[in-house]
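To start, the structure under review is shown below, and the notes come after it.
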Amino acid sequence: MDERDVRQRCRDFRRAFPDAEIAYAGKAFLCRAMARLIAEEGLTLDVCSAGELAVARSVRFPAERILMHGNGKTPEDLRAALSYGVSRIVVDCPSEITRVAALVGGDGPAQQVLIRVTPGVDGRTHPAVATGGEDQEFGFSLTSGAAAEAVRRVLAQPGLVLAGLHCHLGSQITRVAAYQQAARRMVDLLAAVRDEHGLALPRLDLGGGFAVPYLRDQQGLDPLALAVPLITELGSACDAHRFPMPRVTLEPGRAISARAGVTLYRVLGIKHTATGRVFVTVNGGMSDNPRPSLYGARYSIRLVGRRPVPGHRSVTVAGRHCEAGDVLVEDVQLPADLRPGDLLAIACTGAYHHSMASDYNLVPRPPVVAVRGGESRLLIRRETEADLLCRDVG
Ligand SMILES: Cc1ncc(COP(=O)(O)O)c(C=O)c1O
Ligand SMILES: N[C@@H](CCCC[NH3+])C(=O)O
């Protein structure tokens, strides 16, 4: 992980949206050093489990700068959030509203909540990461009236303070217009809440999902390109309803950490199939990067550490797991003299790689190393056989 890159991305967001709260989505990549960095850069942290919160707590991340998300928060998640005193809990289910209120009880300080709204906006992204439309499991529908009903339920709970509304369109969103449309619809709802309850909610959280290009021919969404059109749209929607401009929160995950990450693999073997394909097998795969098999994600890869002799050929880089689908990069040009022992580097692996890694086939998870100014430092050590066995108590 290139530490300077992560810090620069945090600053880019803060500069593009000087009046907004920028909340890093920890699900993209979180460890203690990352939580410290996010705190130092003045960002808020979005956690979605007691586990992510435990990392934040272990570095004393300020509770007033933590949001808790999740469409299925367990009682343990909620208890952890309340006992640490997180700033806001984003409620995502009718029963969660009463559950949080019951946990707060009559004596404790009231808990601030946001309501996660499904705005009915198509982010035009991969269906597995699209959360702005109706037919998926996140949020209270704006269209059906479920969101307005959730507002009534929260307002009826004395232990809860409704701080505002939230929506998240999904991930890898490239269109500014999708965020503008969501902003308009959310302001309509804020105005409807004011008209019904006489209450101008102060906060509007428009989620994350800002696209990152993994390959040269892919489109990203630069915070600077988004900022003016989005904030202008929001301002005119507020003006139209004579609604005071709410405090905006944005929750970038991938856009902060993806490009900082490079994964190194060691070539284990090279095989020619009867059909004429060349498979290069490496010492990792779907256990450190499930994204090709989940979303058909594509990556760039290159030989590092030595100068190849001229000449390339098309190969498929496969992982070491017992699945024919464990392919990291398909049909890519790599040096023809590639051999076992070589190192291959895959770019743009700083988000949703280590955080989605598994122990499949009991292959230990790789370490994470930070680099800065020519120095390297271990952030997460390599998993060992002892780690793999330590929970196995049978
Ligand atoms: C509620 C919420 N906020 C923010 C994010 C961050 O998304 P991304 O990493 O695509 O910016 C996610 C994940 O998609 C999310 O579920
Ligand atoms: N894991 C997904 C993104 C999901 C974001 C979380 N809501 C990816 O790698 O693209």
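Glycine is treated like the rest: Cβ placed from N, Cα and C.
According to TrEMBL:
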BINDING   G209, E251, P252, G253, R254, Y352  pyridoxal 5'-phosphate binding site
BINDING   R254, R291, Y295, E323, Y352  substrate binding site
DOMAIN    4-258  domain 'Orn/DAP/Arg decarboxylase 2 N-terminal'
MOD_RES   K27  N6-(pyridoxal phosphate)lysine
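TrEMBL feature annotations superimposed on the structure.
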residue : record                              : DSSP (3 states)
K27     : N6-(pyridoxal phosphate)lysine      : coil
G209    : pyridoxal 5'-phosphate binding site : coil
E251    : pyridoxal 5'-phosphate binding site : coil
R291    : substrate binding site              : helix
E323    : substrate binding site              : coil
Y352    : pyridoxal 5'-phosphate binding site : coil
Spatial neighbour of E323 (substrate binding site) that is closest, considering only the binding-site residues G209, E251, G253, R254 and their CA atoms: R254
Binding-site residues listed as G209, G253, least Cβ neighbours within 10 Å: G253
For the pyridoxal 5'-phosphate site built from G209, E251, P252, G253, R254, Y352, further residues of that chain with CB within 8 A of the site's CB center: A25, K27, A28, S171, G208, F210, A255, I256, A351
Spatial separation of Y295 (substrate binding site) from Y352 (pyridoxal 5'-phosphate binding site) - C-alpha basis, Å: 12
From G209, E251, R291, Y295, the binding-site residues whose CA lies within 10 Å of that of the residue listed as 'N6-(pyridoxal phosphate)lysine': none
Where the C-beta lies under 6 angstroms from ligand 1, the matching binding-site residues among G209, G253, Y295, Y352: G209, G253
Neighbour-count leader, CB within 10 A, recorded positions: K27, R254, R291: R254
Contacting binding-site residues, sequence order - E251, R254, R291, E323, Y352 vs ligand 2, Cβ under 6 Å: R291, Y352
Cβ neighbours within the same chain of P252 (pyridoxal 5'-phosphate binding site) - under 8 Å, at least six residues apart: R9, F13, I22, Y24, A25, G208, F210, P223
Rounded inter-Cα distance in Å - E251 (pyridoxal 5'-phosphate binding site), R291 (substrate binding site): 21
